[in-house]
Amino acid sequence: MASNVYRNGTGSHKGAMRPLAASNSSNVKSSSFKSRIPPSSNHSPGSAPLRRSNSAGGSDGVPGRVRVAVRLRPRNAEESVADADFADCVELQPELKRLKLRKNNWDSETYEFDEVLTEFASQKRVYEVVAKPVVESVLDGYNGTVMAYGQTGTGKTFTLGRLGEEDTSARGIMVRSMEEILANVSPETDSVSVSYLQLYMESIQDLLDPANDNISIVEDPKTGDVSLPGATHVEVRDERDFMELLRTGEAHRIAANTKLNTESSRSHAILMVHVKRSVLGAEDVIPSETDKSSHFAKPPKPLVRKSKLVLVDLAGSERVHKSGSEGHMLEEAKSINLSLSALGKCINALAENSAHVPVRDSKLTRLLRDSFGGTARTSLIVTIGPSPRHRGETTSTILFGQRAMKVENMLRIKEEFDYKSLSRKLEIQLDKLIAENERQQKVFDDEVERINLEALNRVSEVERNFAGALEKERLKCQMEYMESVKKLEEKMIENQQKQGCDGVMQDKCNGEGPGSSIVEDVAEVKKLLEKEIHMRKEAQEEVNKLKSQLGQCPDSGEGGGSEILKLQKALADEVRQKKKLEEEMIILRSQMLQLTFEADQMRRCLGRNGSANAYGGLDSPMSQVRDSLNGHKTPVAALFEQVGLQKILALLESEDANVRIHAVKVVANLAAEEANQERIVEAGGLTSLLVLLRSYEDENIRRVVAGAIANLAMNETNQELIMIQGGINLLSVTASRAEDPQTLRMVAGAIANLCGNDKLQTKLRSEGGIKALLGMARCGQPDVLSQVARGIANFAKCESRASTNGIKSGRSVLIDDGALPWIVQNANNDSSPIRRHIELALCHLAQH
Ligand code: ADP
Ligand code: MG
């Protein structure tokens, strides 16, 4: 702090305390004290810079100094008479703000003050130069003090406390200050309250409530604020209220003094005006996180400024020196003046910037702790009388004033957050935000619901479309498939009939007819297959589409979850359908395989036109298959490759009876080719076929299975495998139960093949193979009989071979099993294949 600038006096520390000698007057700096005081301290209303501190009792402050004015009382009537021949002890130079104190006729001392007020100074002027800057400060939120110091009868009360009821121009500083304060506060937001106290013999009395005695002073250890919670605080709304209060206070003061048998001049009168004003802090603007264009303006901080104006009409200063002179005991007098002398000591300490200021020494200094010097704006008016008789008092008063001028202060504003009003405002804002939030939430919820609904509609629409398309497709496939099956069955029957009457066929095979029709069929099935592939592709695309739609479906909480479940279900259905379609495709391919196979047969049959009977071979009813090894097996092989053996075998276990039967048919046809037999057996086809034979009641399946086993039984290794896996038993059981000649033909064919294996003779017979074979002759159907005969011939051949090799001796087991009568009986059968097989059997038997 540039303390020098604000120090009292002439700018030099030495001269500050010392009166300016008249001879030294040329040394007096011409600059007025006004210029040395910060602008805030001597300017008109509103001009005081308003320092805002961020918190109550902030560290920012306005440096300043206690301002001191001297006021001379005019001679009173008594003095005019008594001192008529004497000049006044002081001479004022108000324009220079100087006061000359005459020591004698030729010597005087000059003192400089902030204001020098002559005996002609009006009350208004006194107020304006002494109190107004302080009052303005108080209105701005600073604490302020105006004190009157001087000898009794010099005009302290006149200056401070005159009510001016008859003559408004006579109104003193108290009334004028209140007028100014009341004129500047707003009744809605601000409040002004007043306490009026008397300090006498270190006891504080409430002048507004005389019963309220010995009020204690409370100091806030944090802020240093001094308060009198025990004192009466009266809210003041207008001047009338205040005048009433002052009158009451004055009356109580007189009464109290009468009671105490003292004079008002022995006590200090203290008027405390508490001003509470609401102000708004700076607005904080916080950029919104989401919206950069809009700003969320925090409401300005509501602040409350609390300030205090203390007007002190001090006890007469003469008491310090003249104690006891009025009849009081010395100690009592000391007590009376304790506060005043303590004030003097404090002012001295403050003036000298002493580290220790004895504020705690008296009630007055404790009371003025936050209002004199320090952080408050302070004005002191020292009153003097003109009488040379009181020169001593006058001198001491002047010196008191001079010392006070050196007291520096640092104004601090007292600002507090108005938490109540802030909380009210925030609550209102919060309510608004809550309402807004609720509105937005509703809009959001509606939107979510709408999207959910839309998504559900879309999903169900897709599901509907898809299910419809799928069903259509399925029906179409089914129908096409049924048709193909029908055609194939017709074709098969036709073929079988042709096999039965090869002579007729030879006549018909002229390059047109059935051959070309099969080619057409193959082409048709190929077309079907292509269509099927195309449909499968479409189905796959649809599935993908659904999957991607599922992925696009907005996540909509629980609704979304159920949608996803639905879609997953649809997807699972889809996968099932796809599997079914695939199965159907395999079946179609199998059918095509079969057709191709039949076409091959037909082609070969036509090729052999006029030559040997295609089905007349002695070895097997499936001997044609062997021929095909040398023929056009490419389409069959190609299809076989396309579908894959494993898939076909897997279909043997399909739940769908249709699928099973077709799979068996395909396996049977494949098994007709030697090249495939090994692979079928390796892939477990033989085992699957035997299982089927065991577990299925369906005659159709058994028939085809038996056919397939018959085909596989052409190979020696397979024959052994069939035996090991209990095939002969199964075939025997099937033989005994079957009614259908076709089934019997296949079973007989299979056993006949087994009969041709030398190693299996014993087992075959012991497990009832021969009996089963002979038993099938009951059917009488030539194809069956032919196979029975072939079996007997094969068996007889092996027996005779064994006999020739010396492995076997004794009678033929065929004879033991009663085959001979049947052989003899059928030796002249109409069917040449039967006849031929029987002839062969008889031949071997004879050899044996
Ligand atoms: P104090 O309070 O200092 O003891 P008072 O204010 O009671 O002195 O004044 C004593 C007397 O002098 C009163 O009658 C008062 O009217 C008168 N008086 C004081 N100052 C002036 C003044 N400036 N002009 C006229 N009369 C004054
Ligand atoms: Mg007085």
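Just so it is clear, glycine is given a Cβ too, placed from its N, Cα and C backbone atoms.
Here is what TrEMBL records for this protein:
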COMPBIAS  1-11  compositional bias 'Polar residues'
REGION    1-65  region 'Disordered'
COMPBIAS  23-41  compositional bias 'Low complexity'
BINDING   GLY150, GLN151, THR152, GLY153, THR154, GLY155, LYS156, THR157  ATP binding site
REPEAT    643-685  repeat 'ARM'
REPEAT    684-727  repeat 'ARM'
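Around THR154 (ATP binding site), the same-chain residues six or more apart in sequence whose CB sits under 8 Å from its CB are ARG73, THR383, ILE384, GLY385, THR397, listed in sequence order.
Looking just at the repeat 'ARM' (643-685), the mean pLDDT is 80.
Of all the binding-site residues listed here (GLY150, GLY153, GLY155), the one with the fewest other CB atoms within 10 A of its own CB is GLY153. Listed binding-site residues: GLY150, GLN151, GLY153, THR154, THR157. Those with a CB atom under 6 Å from ligand 2: THR157. Apart from GLY150, GLN151, THR152, GLY153, THR154, GLY155, LYS156, THR157, the residues listed for ATP, the same chain places the Cβ atoms of ARG73, ALA148, PHE158, SER265, GLY316, THR383, GLY385 within 8 Å of the centroid of those Cβ atoms. With DSSP classes pooled into helix, strand and coil, the tally for the repeat 'ARM' (684-727) is 35 helix, 0 strand, 9 coil. Taking GLN151, GLY153, LYS156 as the candidate binding-site residues, the subset whose CB lies under 6 angstroms from any atom of ligand 1 consists of GLY153, LYS156. In this structure, LYS156 (ATP binding site) is part of a helix by DSSP. The DSSP secondary structure for GLY150 (ATP binding site) is strand.
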